[in-house]
Amino acid sequence: MASKITIFFVLALVVVCTMMVCIPTATAELVLPCKTTYDCVNLPCLGRPPLCINGQCKCTTTLTHQAKLDNLRTMNDAKTCKYTSDCDPRMRYSCVSGSYICLNGFCTCT
């Protein structure tokens, strides 16, 4: 009977020690070979455009030239300003780039 209790405690000790050990996890990254950017259209980039860089498909975070121009357009209800400090600091959340300036008397996303 004592041997069964001993085995139970040893087994419980092994289980507790196993649960305390941190097992490192690896983050997986999808690597697709490519020759042109067209080869990367199936890469899941969550709204970011994929590009072929050094023979591998990569998700980019850069804005296109047109997106930057669209972001520069002032809104009809844009606040007037003399200095950038006159603009509402919460405006950065509505700008794609996250930054703004006082341009030609209006608070404008950059």
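Backbone N, Cα and C atoms are what each Cβ position is placed from, and that goes for glycine too.
Feature annotation from Swiss-Prot assigns signal peptide to 1-28. Taken from Swiss-Prot, the feature disulfide bond applies to CYS34-CYS52, CYS40-CYS57, CYS45-CYS59, CYS81-CYS102, CYS87-CYS107, CYS95-CYS109, supported by similarity to another entry.
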Neighbourhood of CYS102 (disulfide bond), C-beta criterion under 8 angstroms, separation at least six: CYS81, LYS82, TYR83, THR84, ASP86, CYS87, THR108
Rounded to the nearest Å - Cα separation of CYS57 (disulfide bond) and CYS45 (disulfide bond): 10
Disulfide-bonded residues listed as CYS34, CYS40, CYS45, CYS57, CYS109, least Cβ neighbours within 10 Å: CYS45
Length of the line joining the Cα atoms of CYS45 (disulfide bond) and CYS52 (disulfide bond), in Å: 13
Of the disulfide-bonded residues listed as CYS34, CYS59, CYS95, CYS107, the one whose CA lies nearest the CA of CYS40 (disulfide bond): CYS34
Neighbour tally for CYS59 (disulfide bond), based on other Cβ positions within 10 Å of its Cβ: 16
Most crowded position, judged by CB atoms within 10 A, among CYS87, CYS95 as disulfide-bonded residues: CYS87
